[in-house]
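Comments concern the structure below.
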Amino acid sequence: MSEQMYSNSKLSVAILGAGAWGASLANLATANGHQVRVWSRQGSQTIQAVLKDAQIVLSAISMIGVRDVASQVQSFTLSPETIFVTATKGLDPQTTCTPSQIWQTVFPNHAVVVLSGPNLSKEIQMELPAATVVASNIPTAAEIVQLVFSSGRFRVYTNPDPLGVELGGTLKNVIAIAAGVCDGLQLGTNAKAALVTRGLTEMVRIGNNWGAKTETFYGLSGLGDLLATCNSPLSRNYQVGYQLAGGKSLTETLANLQGTAEGVNTCQVLMQRAKQQNIPVPITEQVYRLLQGEITPRQALDELMLRDIKPEYNY
Ligand SMILES: NC(=O)C1=CN([C@@H]2O[C@H](COP(=O)(O)OP(=O)(O)OC[C@H]3O[C@@H](n4cnc5c(N)ncnc54)[C@H](OP(=O)(O)O)[C@@H]3O)[C@@H](O)[C@H]2O)C=CC1
Ligand SMILES: O=C(CO)COP(=O)(O)O
């Protein structure tokens, strides 16, 4: 199959955010022959110039900037056909909303597509093969975005559950912090397998409460991204856990981290939501207490191991 088959129609793509992920996605779309403009706060182009005539507007902004950037975009005129794509993996601390929910609220008449999967940007920059998922309530919008990014080195699947796809990418970051702790403490392969598997159960539980489909969490954007992030030192979230296990403070760890580790804020938002909704989230709770400095990594481990014994599933 030639790469050309993916790229018959050339689109105008605006990428918001020139961080590690925005830059990688810009390269993928450019390699497919699309006209790509990138906006960054440090760049020379204004956001208005980047948005001009854009058929696709993709946000790869860290969670902290999403609300502000969405409201900046709102002040410019866009074609009603413009499709928004969100690649952010986080939760809004004020509202617990997902990034796509923010974009959809600000642009209620536009199609919004979530792009998420096991996509460590350093590997994608090295042109190693990877796969991802694009999900939307409007299937044709997801199919257009699929064509924009698909190539022989980036395989893009569509999915009809945008909430599940988005939550998979977001929730796994908290488990990846725990996985970094597990490896940092040298707890072994059995412990890591138990943590990741029970982490997935916790993600499904939270996702179901939110209204996402169970099967989505067993796909690329759930289990796939969980495996990638929990097993790679390239993951910033994994690195946070690893450093904490080595005795570093969170402040020290974040000061030396290259880029964003969304799991730190996501964990806070999740605890808030889990308390409100009465959802059991034992791993998230221990990660939260560790990040707060309330317990040591060893105490977090003991808390998890010594919980009341119970069946694996409540069928
Ligand atoms: N790196 C990866 O492997 C992947 C990352 N992601 C997700 O993509 C998102 C971005 O990650 P990544 O690119 O790695 O992070 P980086 O830290 O490399 O870049 C952060 C980006 O967010 C922008 N940004 C941060 N704060 C603000 C703000 N207040 N207002 C406007 N823009 C802001 C930065 O803008 P500026 O350019 O102006 O500095 C930059 O473009 C995260 O949610 C992450 O979870 C998803 C998949 C893979
Ligand atoms: O989401 C990612 C890979 O899919 C990137 O993970 P980190 O944000 O932990 O680096």
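Using the three backbone atoms N, Cα and C, a Cβ is placed for every residue, glycine included.
Per-residue confidence over the domain 'Glycerol-3-phosphate dehydrogenase NAD-dependent N-terminal' (13-45) averages out at a pLDDT of 97. Look at TrEMBL and you will find 13-45 (among others) tagged as domain 'Glycerol-3-phosphate dehydrogenase NAD-dependent N-terminal'.
Here TrEMBL flags G17, A18, G19, A20, W21, G22, R236 as NAD(+) binding site. Secondary structure at W21 (NAD(+) binding site), as computed by DSSP, is helix.
The NADPH binding site annotation in TrEMBL covers W21, R41, K89, S121, R236, E262. On its own chain, R236 (NAD(+) binding site) has L257, Q258, G259, T260, A261 as residues at least 6 apart in sequence with a Cβ closer than 8 Å to its own Cβ. In the three-state DSSP assignment, the secondary structure recorded for R236 (NAD(+) binding site) is helix.
Taken from TrEMBL, the feature domain 'Glycerol-3-phosphate dehydrogenase NAD-dependent N-terminal' applies to 46-139 (among others).
Within the same chain, the residues at least 6 positions away from K89 (NADPH binding site) whose Cβ sits under 8 Å from its Cβ are M63, S116, E166, G169, T170, N173, E262, T266, listed in sequence order. Annotation comment: TrEMBL describes K89, R236, N237 as substrate binding site.
Under the heading sn-glycerol 3-phosphate binding site, TrEMBL lists K89, G117, K172, D225, S235, R236, N237.
Per DSSP, the domain 'Glycerol-3-phosphate dehydrogenase NAD-dependent C-terminal' (161-301) is made up of 106 helix, 0 strand, 35 coil. The annotation domain 'Glycerol-3-phosphate dehydrogenase NAD-dependent C-terminal' is assigned in TrEMBL to 161-301.
The annotation active site, proton acceptor is assigned in TrEMBL to K172. Spatially close to K172 (sn-glycerol 3-phosphate binding site) yet at least six residues away along the chain are G199, M203, G222, D225, L226, T229, C230, judged by Cβ distances under 8 angstroms.
Taken in sequence order, the binding-site residues G17, D225, S235, R236, N237 that lie near ligand 2, meaning a CB under 6 Å from one of its atoms, are D225, S235, R236, N237.
Residues distinguished by a CB atom under 6 angstroms from ligand 1 are absent from the binding-site residues G117, K172, D225, S235, R236, N237. Cα separation, G17 (NAD(+) binding site) to R41 (NADPH binding site), rounded: 8 Å.
The two recorded residues, A18 (NAD(+) binding site) and S235 (sn-glycerol 3-phosphate binding site), have Cα atoms 18 Å apart. Separation of the C-alpha atoms of W21 (NAD(+) binding site) and G117 (sn-glycerol 3-phosphate binding site): 12 Å, rounded to the nearest whole number. A simple Cβ count within 10 Å picks out one of the binding-site residues S121, S235, N237 as the most packed, and that one is N237. Using the Cβ center of K89, R236, N237 for substrate, the list of other same-chain residues with Cβ within 8 Å runs, in sequence order, N173, A176, T229, S235, Y238, T260, A261, E262, G263.
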